[in-house]
Amino acid sequence: MEFINPDVVDLSRFQFALTALYHFMFVPLTLGLTFMLAAMETVYVVTGRQIYKDMTQFWGKLFGINFAIGVATGITMEFEFGTNWSMYSHFFGDMFGTPLAIEGLMAFFMESTFVGLMFFGWDRLSKQAHLAVTYLVALGSNLSALWILIANAGMNMPEGAHFDPETMRMQFESFVDLVFNPDAQAKFVHTSVAGYVSAAMFVMGISAFYLLRGQHRQFAARSFRMAALFGIISTVAVITLGDVLGRLDYEKQPTKIAAIEGLWHTSNPPFEPWIVAALPDDARQENHYEIGVPLVLTPLITHTFDQPITGMHELEDEAGPRIRSGIDAVAALRRYGVTHSSTDLAQFTAHEQDMGYGLLAIRHAPGQDVTAIPADQIDDVVKATQPDILPNVFVTFWSFRLMVFLSLWFFALFAISAYLSLKRRLERSRLLLKLCMWSIPLPILATEFGWITAEAGRQPWTVFGWLPTFLSASSHGVSYMVFSLVGFVLLYSVFIAAELYLMFKFARLGPDHDSMEPHTPAAPRVSAFDMRPMAS
Amino acid sequence: MELYAILKIIWAAVLGVLFIGLGTMVGMDMGVGTLLRLVGRNDGERRTALNIIGPHWDGNQVWFILGGGAIFAAFPTLYGTSFSVFYVVMITLLFSMILRPVAFEYRSKADGRLWRAGWDWVFLVSGFVPMFIYGAAFGNVLEGVGYHFGWTGQYYQDESFLSYLLNPFAILCGLMSVGLSVYQGGAMLMLRADDPIWSRARRYAMGGGLVAGTLFVIGGIWVRFLPGFVMTAPVNPAMPANPLHGQSVAMVAGGWMHNFHAHPALWMLPLVGLGCMLAGVAMLAAGRTVAGWWLGLGAWAGTITTVGCAMFPFLMPSSTTPDQSLTVWNSTASEYGLGCMLVVAGIFVPIILSYTSWCYYVMRGKVHTADVVNDTHSY
């Protein structure tokens, strides 16, 4: 049997995280801006006032700059499951591929087809038809998020599939369970609304920039107010749904919730403190410098005052018997692949639910073969595997906290901004306007931390409880990974440089200069630049 | 025949339709990208060419995404194995492809000469390279790929990626694909542009069509002598989808001709393909661009169905462990998954086709350089 190269697994994980986090810098803005554009255009169609059309077109231009990279880097994501996670694709693709394909059919096709008309159709469509097109783009991008998060929920809480020893993979068995996975529903709203927060901050921050400079004042004040109201509603929703997700993790992913809260020992309801800050030490399995608020943790996570939350040490202990049983499952499964005998099948079925834990032991088995562990070494293998069931606590703990602290900041900022904006006292509050401007990147940062919390907290699994991450990667050599990583870093750096250059350029130009050649307003029909020959 | 086997065959056919759609629609945009620097001699002309496909390229590109998504959903093992075995090639395809959305959106938003000239080169690379690799991948698959599976279902590669890149037959297939894409892109430019773009596009499109036709004939003769793959024992089409057992396969010279010998009616497919290429060139020569565009679709359909029917039921044969070759029977999703996806596709494909057509209808008519240059929303 070929050996698993841990370096390749780490590089594959690093590449996936890099490309996913990068992609996700652009997605939230797309999700939110489409709806804000639709809202602005609705006001335009209803009132017929030109300023709302200008707003739609100006923010639409910034949307386009952002959208292009979102599309480009999204293609990477769809390729990467196949190029780097072949075992995962084989093992879980029957179920996971379905929402991805539906995403293409139902959402991405719609968004991509109509986005062309949204940009190019202003003079070709009636006002109402163009408005409909803008709504279809918004609907498409949000449906797209829905199906991606349904797929993601399948990884975190695999429901609607079962393992089949004949095909050696998870077989899809219930579309309803796939779609109505509670994790998917909560995550979709949480994530798309986080996108609205990002878009609101983006529009509010750039509008604040104009107000600070006293430019485009009417335009900026209107945009600011719409964004602040959109933002406050969205922030409340994002926090509420985050709470729902925490409760779900408590039920279905106890390792994730324990890591998020840095909870090494089972909690003591109702007094257990919520740890505000600490230095979790993964090697020694304890926290340093803990600061906590008593009484908060139990109601926060369990929504009760008396239910305990299992700690990580206890979870490790509980995993012991499952690993032992899982090793039997894997051994029986391998025998069954050769013999196809009913005895082996019966043995496998008896231990089936623990198979994932048996696979987890592969790294610690002699010769990476759990099917032939000498009887006297089984205890050692089980013991060595037990800590592997936990994610990296430091990363999970802190990414969660940074996300939460940022969301509280957004709440305060949007609330004050909305209030002052409605009271029309905005332009005197220069500090607030500056804070709004500087906060533009923060919601994007918060969504990145959210992704890290969810996916780092899912470890060590790609399919929670069934397929370990280290088994999921393609069997590449290190050189392949270096090739692709170098390429991604170079290419993505060029992208971000070009995007920031254009973003700043057009934001500085502002809505009045919404023209390609700002220096030649309506002068010659075709400028000299356009007709001069290009060097070939 | 059992329902599962029928579903497998239907999905193989759907895959073929997606490949045809991808070749035609994405190939068209990429052909325009390849031709951009040739048909446009100044910035205004180049922007005209870009804005002809400007409203549609993003929607068209979804054919590509959907092709990937459909393979993932309907043929998960094929997806994981083929994308990984062709890693270096696939990543190169990806790198060249993802430059394109950015190039469209960014090229004309700043007016430095170097900026625009740089993006024009990006269009050439991101048009030529993906279509070349698309065709070359078919060539590589026809020749068989060196891989085998371990007991868990993990694949292991048995040969260097260089054999996929430096491979004369694959290069021929790649160039043929580029030829068809240049043909389709040129036809689209003729539909929407006036002179001088129109006559330049016509010249290149006719050239592309003739190159594709010639290479199609040479490739066909070549395949006659290429080792093909055949089943040496009856196989259960409704078998559980698992490449580890259930098939016995041999490599035989000229094996890809077996299906044509067994069903001579299949010879219609390559004839339709070649006929469309030649008739298309004639139509463009006569200035009948609408007919020329549709004949390009026919050329793709003839080519893809020819390859598909020659290989059926093989999807990606293994040259080192032929018994583990991925076929329509052993690399599909479950019966339930295929059924679900069929229902979903049945609902959404007609919807997609209707709104795509509507978008082309809205944006119909010639694109004029003066309008493009004065429109602040154009590329």
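Keep in mind that glycine also has a Cβ here, set from the backbone N, Cα and C atoms.
What TrEMBL records for this protein:
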TRANSMEM  A:20-46  transmembrane segment
TRANSMEM  A:58-76  transmembrane segment
TRANSMEM  A:96-120  transmembrane segment
TRANSMEM  A:132-150  transmembrane segment
TRANSMEM  A:193-212  transmembrane segment
TRANSMEM  A:224-242  transmembrane segment
TRANSMEM  A:398-420  transmembrane segment
TRANSMEM  A:432-452  transmembrane segment
TRANSMEM  A:478-502  transmembrane segment
One stretch in A:20-46, A:58-76, A:132-150, A:398-420 has more Cβ pairs under 8 Å to the transmembrane segment (A:193-212) than the rest, namely A:20-46
Near the transmembrane segment (A:224-242) in space but 6 or more residues beyond its ends, with Cβ under 8 Å, are 32, 36, 39-40, 186, 189-190, 193-194, 196-197, 199-204, 207-208, 211, 404, 407, 410-411, 414-415, 417-418, 421-422, 426
Per the Cβ under 8 Å criterion, with at least 6 residues separating them from its ends, the transmembrane segment (A:58-76) contacts 19, 22-23, 26-27, 29-30, 33-34, 36-37, 40, 112, 115, 118-119, 202-203, 206, 219, 223, 488, 492, 495-496, 499, 502-503, 506-507, 510-511, 514
- Taking pairs 6 or more apart in sequence, does the count of Cβ pairs under 8 Å between the transmembrane segment (A:432-452) and the transmembrane segment (A:20-46) hit 3 or more? yes
Please tell me whether the transmembrane segment (A:96-120) and the transmembrane segment (A:20-46) touch - that is, whether there are at least 3 C-beta pairs under 8 Å between them, with each pair 6 or more apart in sequence. no
Same-chain residues at least 6 beyond the ends of the transmembrane segment (A:478-502) with CB under 8 Å of its CB atoms are 5, 7-8, 11-12, 14-15, 18-19, 22, 65-66, 68-69, 72-73, 76, 83
Tertiary contacts of the transmembrane segment (A:20-46), defined by C-beta under 8 angstroms and 6+ residue spacing from its ends, are 52-53, 55-56, 59-60, 62-63, 66-67, 69-70, 73-74, 76-77, 127-128, 130-131, 134-135, 137-138, 141-142, 145, 191-192, 194-200, 202-203, 226-227, 230, 234, 443-444, 447-448, 451-452, 455, 492
